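Notes follow once the structure below has been shown.
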């Protein structure tokens, strides 16, 4: 088993200087490079045009420390196809161009989700119409970025907490077969992209949602549906990092080729929690990478809980230094 050197945690509280500018952060080698040295594919974060242009510190940190980018909002349905058949890609183009020009892998997020869905989609009641709309959306978005996206979150948050399938417009109108339709369409458009199913609250082995994900994915794989990976968002409360290892092992048992932590943030950003999560991925062979859901606390969707690796002044926090010192 690969283990972070937990003794390095002691260094965090013995005079760590966390108030220096970004260009004098402690890590002389990026945390992405350190993570890759353990055989993983990336340690990444998110971005979009607003956060990449609001100041110079945010993009500087991304360039220096992270190896992968996920668009926070610009590839979601409401951003890319607000009206039927009328696509707009200015925001997602900006993110993709930034990532490619700086040598970052890209995770496409997300093709099919019940939220941030335009009303014209959610109001469709005819099965054949919705299937046509679903296929066209996936095909158009993926075609634009074919060959540029490492992995796509094809389906996002389709499970209820009890492990059953959510009553979204896609499930209610098409039925469970929308899962097959979505993944087969995605595979036909870009055969080289990794295709993921992504969800939250997959953070504890034995939890009903984890069990539901595993059992459904096993069934879908047996039916030939081309699911390459399971994404665990991993939005954690304080102290929850220790359960992630067991959860990843459970998800890996579903039989996909890979799994990933896709939207990591942790209330309070304790060093112990972050190290536990990084260890969990290191110790699970199928876990290819971690995406932290934001660079600095002010831009976090849960900013009041200070869940990220950089503070309001874009200085590295103790959790960042825990990872940098221990990898």
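Just so it is clear, glycine is given a Cβ too, placed from its N, Cα and C backbone atoms.
Some features that Swiss-Prot has for this protein:
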- 157: active site, proton donor (ACT_SITE)
- 263: active site, nucleophile (ACT_SITE)
- 281-287: disulfide bond (DISULFID)
- 46-326: domain 'GH10' (DOMAIN)
- 1-19: signal peptide (SIGNAL)
**Prompt:** Per DSSP, residue 263 (active site, nucleophile) is which: helix, strand or coil?
**Reply:** strand
**Euclidean distance between Cα atoms of residue 263 (active site, nucleophile) and residue 287 (disulfide bond), Å** = 14
**Request:** Using a 10 Å cut-off, grab the number of neighbouring Cβ atoms around the Cβ of the residue listed as 'active site, nucleophile', all chains included.
**Result:** 23
**Prompt:** Averaged over the domain 'GH10' (46-326), what pLDDT does the prediction give?
**Reply:** 98
**Request:** For residue 281 (disulfide bond), list the number of other Cβ atoms lying within 10 Å of its Cβ atom.
**Result:** 26
**Asked** What Cα-Cα separation, expressed in whole Å, is found between residue 157 (active site, proton donor) and the residue listed as 'active site, nucleophile'?
**Response** 12
**Request:** Please report how many Å separate the Cα atom of residue 263 (active site, nucleophile) from that of residue 281 (disulfide bond), as a whole number.
**Result:** 13
**Fill in**
Reduced DSSP state (H/G/I helix, E/B strand, rest coil) at residue 287 (disulfide bond) is strand
